[in-house]
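Worksheet: the structure to be examined is printed underneath.
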C-alpha cells in the first residue's frame, strides 16, 4: 500500500526541481514563447487536414469546387509549407534553448567540481563525474525537451482536433470520448506489462553477460579448480530464465497488435453504425464522416504520447535532481584575509590531529613539528602511519580536526586559500600530466600561451635534466605529450613533473614518494633533479626507500598517527628504535 504522505512529499519535490529547471529558461523567455507559438501552428494544422478532406468529398467531386481545380491542392500545399516551417522553427528554437541551458549547467557542474573539497573526490569516482558532466546532463535535457514538446504540441493538437470533432459532429464526439478512454486503458495495461517484461529481460541479460564476463576473465581459476560444470550450470539457469522471459514477451507483444486492431475495429464499427443512422436522418455527410474518422485517428497518437509522459518525466526530474546535487556541492572555504606575496617557508605543526570522519580512529594525533625555512624534513613510517595525511593538511586539501598549522607565524586558515597554495609545489609518485604540450605542462596554471614565460620553461627543463629529451621531440617544447604523458618514459614523466615544480618556484616543496616507481637509472636522474629543486626551499619528503632521505636535515618517524621519534639519520640509527628497525629490514631485503 502506498504512503500518501510520501507520495505528496515526492510530488512536492518534483515541483521544486521543475521550478528550478524553469529558472534556467527565464533568460530565454522570448525564444521560448516563439517556440510555443510555432508548436501551436503545427497543432492547428492537424485540424485543417480533416476539414480539407471533408470539403473535398462533399464539394470537390461535382460540387461547388468542381470548377476550382486548384483550390484543394493549393490549400494542402500551403498547409504543408506552413506546417513544415513551423515544425522547423519550433525544433530549432527548442534546440537553441536546450543547448544554451546545457552549456550553462555543464559549466556550473565543472566549476563546482573544480572548487569542491578533497573529500568530494573520495565520495565520487572519476567515471561518475564524467558521466554526470558529459552524458547525464545531456540525457536529462533531451528527455525533458521531448517531454515539453509532448506536453505543449500534443496537448494543443488534441485541443485542435477535439474542436474540429465537436464542430463536425458533437453527438458522435461524445460517443467517441467514452469509447477511446476504454480502449486506451486496455492498451496501457498491455503496454505496461510489456514494458515490465522488457525491463526484467534487460536485467537478466545483464546478469547473463556478467556470468560470461566472470567466466572469461577468470578462465585460469575456472580451469585450475575444475569449475567448468559449475559455470555451465550458472549460465544454463540464466539462459533458461532468458528463454522464458523471451517467450512471455513474445506472447505479450504478439497480442498487442491483434488486440489493438480488434478494439479499433470494434470502435469503428460502433461509430460507423451511429454515423449511418445519422446519415439516414441527413445529420451527416460522406465527407463529414470521413473527416471525422480521420480526425479521430489523428487524435490517437498525441493522446498516447500524453498518457505515456509520466515515466520519462519522472526519469528526467530524478536525473535533474542528481545534477543539482552536484551543482549544490559545497565549495572549499576561501576564508582568510592574510595576504602573502612570498612566504619564507617557516612551518609549524601545533598539536595537530585529524579524523577522516565522525567516529573513526584518529589518522593523526598530537603532531608537534617545527620546520624552519629552507630545512628538508623527511617523513617515514609504516604504511598507514599518517605521512600522506599530514602533508595533505599543508595545502588545505583537508583541515585539521585538532590543533593548527602555522606558516610564517600565520594560521594557514587565516591565509587566503589561493595565496596559500601559491606557496606550495607538489611532486608525487602518481604523476599527473595533461594532454597538452611540454611547455603548457611545465607552466601549468598559465591561462593562455601568451602568459607562458618560455625562457623560464627552458630553465626549468634544464634543471630537471630534460633539455636533450625535449630537443629530440618532433616539435620541441610545443610537442603534445599525449594522455598523462603517455609519449614519455616513466622517468621523463617524473622529471617533467619536477620541471613544473621548478617553474612554479614556490618556497615550500612536498615530495610524496617521488622516486619509488623508477628504475635505477631513472631514479638517479630524478634524484639529481630533486636535489636541485630542494635548494633554498622548505621541503617535506615522504619516502619508503630510506636510502633516498639519509641526507635530510631531520627525519620524523610516524607510527599510528603519532610522532614516534625524530632526529638525523645517524641519531635515529644510534637510538635503535622504529627507524633503525625499518632500516635493517630494507637493507637486509636489498
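Backbone N, Cα and C define each Cβ position, glycine as well.
According to Swiss-Prot, the feature ATP binding site maps to 381, 382, 383, 384, 385, 386, 387, 388. Under the DSSP three-state reduction, residue 384 (ATP binding site) is assigned to coil, being neither helix nor strand.
Marked as domain 'ABC transmembrane type-1' by Swiss-Prot: 33-315.
The domain 'ABC transporter' annotation in Swiss-Prot covers 347-585 and is backed by sequence analysis.
The feature transmembrane segment is assigned by Swiss-Prot to 31-51 (among others), with sequence analysis given as support.
Swiss-Prot lists 74-94 (among others) with the feature transmembrane segment.
The transmembrane segment annotation in Swiss-Prot covers 132-152 (among others).
Sequence-distant contacts of the transmembrane segment (159-179) (same chain, at least 6 residues past either end, Cβ-Cβ under 8 Å): 43-44, 46-47, 50-51, 54, 267, 270-271, 274-275, 278, 283-284, 288-289, 291-292, 295-296, 298-299, 302. Annotation comment: Swiss-Prot describes 159-179 (among others) as transmembrane segment.
Feature annotation from Swiss-Prot assigns transmembrane segment to 259-279 (among others). Within the chain, the transmembrane segment (259-279) has long-range Cβ neighbours (under 8 A, six or more residues past its boundaries) at 169, 171-172, 175-176, 179-180, 183, 186-187, 190, 285, 289, 292-293, 296.
Summarising the annotation, Swiss-Prot assigns transmembrane segment to 286-306 (among others) and lists sequence analysis as the type of evidence. For the transmembrane segment (286-306), the list of distant contacts is 46-47, 49-51, 53-59, 150-151, 153-155, 157-158, 161-162, 164-165, 168-169, 172, 176, 180, 184, 187, 268, 271, 275, 279: same-chain residues at least six beyond its ends, Cβ to Cβ under 8 Å.
In the structure as shown, the Cβ atom of residue 386 (ATP binding site) sits within 10 Å of 23 other Cβ atoms.
Within 8 Å of the centroid defined by the CB atoms of 381, 382, 383, 384, 385, 386, 387, 388, the record's ATP site, lie the Cβ atoms of 558, 559, excluding the listed residues themselves.
If you take every residue in the domain 'ABC transporter' (347-585) and average the pLDDT, you get 88. Other Cβ atoms within 10 Å of the Cβ of residue 383 (ATP binding site) number 7 in total over all chains. Of all the binding-site residues listed (381, 382, 384), 381 sits in the most crowded Cβ setting, with the most other Cβ atoms within 10 Å. Just so you know, of the binding-site residues 385, 388, the Cβ with the fewest other Cβ atoms around it within 10 Å is the one at 388.
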